[in-house]
Structure formats: structure tokens, C-alpha cells
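A short write-up of the structure that comes next.
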Amino acid sequence: MIQIFFLGTGAGSPSKKRKLPAFLVRREGLNILLDCGEGTQYTLMNNKLGINSIKIIGITHMHGDHVFGLLGVIASMGLLDRKETLYILGPRDLKDFLYTSFEYSKFNPSFKIEFIDNYNDQNITIATFKTCHTVESQGYLISERDRVKIDEEKLEKEKIKDWRVMRKLKEGKTVEYNGKFLKPEDYLVIKRGLKVAYTGDTIPCQSVIESVKGADLLIHDSTFLNEPSAFTYGHSNVADAAKVALEASVKLLALTHISPRYEDVTEHLKVARRIFPKSILPDDLSYITLK
């Protein structure tokens, strides 16, 4: 199970309804923050989302609405006596930006900060992919590893209830049971891992489409409803995001990075759903659960 909290779904500058980009992804105790607009630490604390429980932060690019909240988050982690290593992914200039800011503000983190290009553990991987914005930018693909599970329905049909048999089958061993040899390949099924993709700011481009294929959730730049100059600014219109979702065969599309010029987003959803019916436009502080 993966939960995604939409902490900030706005763009450029905050509005009454939408804060700046930030998304918290949770999976069984692992907390990942994607982008960190100004005010993210307040949102985390005010909603008891555990600022010090964040293990990994991924920044898509160096525009202020995506990164100006990072210093505050890290400073608060220090004030809250963090001890665990914080892992950060991001553009090449991010490390210099942070440490120069630390130097000028006389802040010395009490915990280790490690800059990484990707992340792997026994349960998930985090990979980056190229996006198409006006500055160096990257998206993030969070992927659960596929898991082997016992076909409980088949065992029940065959009236096999011995947990020792189940354990050995899961270990890949052939088991003798009631005079019959049970082969693991006949009782094991592969549960495909979930995939969450986040583009940050981008125009629709092939590198994004190829990277997010089959994702269970695609969080895609949808800055404008129908702005002819959207591509000039490195952003997507709602229809562009929907077309990417359709071509990439994703399961669910979340429209985000909504320009503050829009108070009513009813038309955004109508446009997106004409192209890709499984589209949503989350409000700040909403969340979804993928299973």
C-alpha cells in the first residue's frame, strides 16, 4: 500500500486555495517528500505528518516554488534533534544552494545529509527521469518491487491449511502433503509492485511518456487550462497531461501545479476526462491510497 498526500498543488506563488508544490509519499514507514515549496514545513507540522519521519527528499528543479521550502524543513529537522541520515536527490546545483545557504545562515546540521542519484532497498526503488522544462529538471519514479505471494484461493480449494506447507512453498521448496507432491510454481503468484510517477514542471515529451509507462499514478504538470504559450514557459496545459497519461497507459492521472489565475477548476477536470477519464484534480491536503 502506498499513500500520497498532496501538500501543495499550486504553481508560482501560493493562492488562498493552493500552496506551493510538495507531495508526501508513504509506504510502510518510509516517507518520501517530492519537491518542497515555501511553507512545506508548516503544512507538515500543522497536520502532524512527522517532519522528522521523512527519510528521502527529491527536488525536481531549482525554481523557487519547488525548492524555497527546503532550507526551513532541514532547519526544523535539526531543531527537533534529528539523528538519522537525510537522503536528497535533485539537480546538480542543489548541493551548492543548500550548503551556501547553511554557511550564510550559520546553520550546521546535526545529522548527516547524503546526496544520491537513486535509491534502492528491499521494498522499493526511486529512479529519476528526464523532463522537459526551461532549466535542468528531472522527474521521479517510485516503484515497489514485485512480490511473491501464496495463491490462498487455490490452497483453500484444495483444503490445504497447514502453515508449514505454505511457508515451504513460499520458500520455493517442493512439499509432500497427503501423498501428493506440491510444486511451488503451482501455488505462487507474482504481485506486481505499485508505481508512482511525478513530473514536476514539464511540457509533454517522449522521455516522460517512456519513463512513466504503466504507472499506477501519474502526477503531471497541468499549469494551464488552455494557454497557447504554455510550452514557452516549460509547462503543460490540462489536455497535454491527459494525452501523456493516455499514451503512457497509466492507471490514474493527478493534475497538479495549477496556476493561481484559476479559482474554479471545474473545466480543467472536464477537459482532462474527455481525453483520459481516470483523471483527478486534488485539493491541498487531500490524499489517495493505492493498493
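A Cβ is built for glycine as well, from the same backbone N, Cα and C atoms used for every other residue.
Counting every protein chain shown, the number of other Cβ atoms lying within 10 Å of the Cβ of D65 (active site, proton acceptor) is 23. Secondary structure from DSSP puts D65 (active site, proton acceptor) in a helix. As annotated by Swiss-Prot, active site, proton acceptor applies to D65, with the evidence given as sequence analysis.
According to Swiss-Prot, the feature Zn(2+) 1 binding site maps to H61, H63, H133, D201, an assignment based on sequence analysis.
What Swiss-Prot lists as Zn(2+) 2 binding site is D65, H66, D201, H257. Sequence-distant neighbours of H66 (Zn(2+) 2 binding site): residues of the same chain at least 6 apart with a C-beta under 8 Å from its C-beta are L20, P21, D35, C36, G37, I59, T60, G200, D201.
Each of A11, G12, L20, P21, D35, G37, T60, H61, H63, G200, D221 belongs to the same chain as D65, H66, D201, H257, is absent from that list, and has a C-beta within 8 angstroms of the C-beta centroid marking the Zn(2+) 2 site. Those residues of the chain, other than H61, H63, H133, D201, with a C-beta within 8 angstroms of the mean position of the Zn(2+) 1 site C-beta atoms are T60, M62, H66, T131, T134, V135, S137, G200, T202, G234. If you take the Cα of D65 (active site, proton acceptor) and the Cα of H257 (Zn(2+) 2 binding site), they are about 10 angstrom apart, rounded to a whole number.
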